[in-house]
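Below: the structure, in structure tokens.
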Amino acid sequence: MKSFIRSLATISTTTSNSILQKALNSKIPLNTWTRDEVSAIFNVPLNDLMFYAQLKHRQFHNPSEIQLCTLLSIKTGGCTEDCKYCSQSSHNDTGLKATKLLDLDTVYAKAVIAKENKSTRFCMGSAWREMKGRKSALKKIANMVEKINNELGMETCVTLGMIDKQQIQLLKDSGLTAYNHNIDTSRKHYSNVISTRSFDDRLETIKNVSDSGINVCTGGILGMGETIDDHIDFLHTLSTMDKHPESLPINKLIAIKGTPIEQELKTKYKDRVLTLENILRVISTARLLMPNSIIRLAAGRYTMKESEQLLCFNAGVNAIFTGEKMLTTMCTGWDEDIAMLQKWGYVPMEAFKKSKANEVNEVIVNEDMSLEVQTLQ
Ligand code: SF4
């Protein structure tokens, strides 16, 4: 075991220092963050923020591993919710054709292709408000989960809208790994984006999933006209959940023609352009606040340059969606992604085998912000 000391001179305030000390010195994920603490971390100079996030990442994860996931739309369009960003909402005139629930064989065949291409988590999304009154569909989806789990050994995730305790139990019994239900954005900005279900409805579904013992996958979409305060509030909500999300998707909005948000970004929010700096701040802060979560770069990744994606990995991302499509939007394909990962020295994470951190054993931040990093040889 060896150690080295790096002196950190660029942090401006003692308050930031003590909060960073708390984030870096803790050996377990904390969920007692105050909003001021989240804000202080978010506002650390970006160069240092990313360095700290990378250190934290290496305490909790194998820094070479990236999880590859593939997301299939198993029931597209016609959703009764009015999410202003979504091509699948029946409130939005996007020209998308609604389809019925895909059958088991079709879904299984897509999962086989995903596995052959090294994806280890297979996610299935349906454009529904909720699972209430969908007993037969839920059973069919449980069968999909069971077959993919048992025959392919893949991790499975579904996103089916609001779900109650009884319904989630059926999915748990079928072997579901994770259930996705995003909070989307901050509580304050949420009502600017969706009116047909509340932020608290979202939290209730997340609680139902968490209580069932299934892993929670929840995150949001950046670039919907939110402010810096909204980024901070969004991170505060996630990092103070009773249990941090096992999976935290960060989407970059694809402004789809025919959605209200596409127009609002040109008018109401024209001065609120999402910057790479703020994407990196959100990811780095999330990594420091929720060190054990898998942070996944989700929709919109295909619009980012390789160099920008590499910065996101350096900030703490360790999962990507890859494959033919991402629900109704484009996605970078497997071949391109695997070539990119190889070039940068990453390897695909194995299913159910996220390996342990293998580099940084311990970080100790002293009061003067000198840093002792103990590494395993
Ligand atoms: S609930 Fe999901 S599918 Fe329905 S409109 Fe909102 S984002 Fe789209």
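Note that Cβ sites are derived from N, Cα and C of the backbone, with glycine treated the same way.
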From candidates Cys157, Cys312, TrEMBL puts in the same [2Fe-2S] cluster site as Cys123, Cys217, Arg296 the residue Cys157
Cα-Cα, Cys83 ([4Fe-4S] cluster binding site) versus Cys123 ([2Fe-2S] cluster binding site), nearest Å, comes out at 21
So Cys217 ([2Fe-2S] cluster binding site), by the Cβ count within 10 Å over all chains shown, scores 28
Ordered by sequence, the long-range same-chain Cβ contacts of Cys86 ([4Fe-4S] cluster binding site) under 8 Å (at least 6 apart) are Cys79, Asn92, Ile256, Thr259
Hits among Cys79, Cys157, Cys217, i.e. binding-site residues with CB under 6 Å from ligand 1, come out as Cys79
Same-chain, non-site residues whose Cβ lies within 8 A of the Cys123, Cys157, Cys217, Arg296 Cβ center for [2Fe-2S] cluster are Cys69, Leu71, Arg121, Thr159, Ala178, Asn180, Ser247, Pro249, Ala319
Surrounding the recorded [4Fe-4S] cluster site, with Cβ no more than 8 Å from the Cβ centroid of Cys79, Cys83, Cys86 and those residues left out, we find Glu81, Asp82, Tyr85, Ser87, Gln88, Ser89, His91, Asn92, Ala127
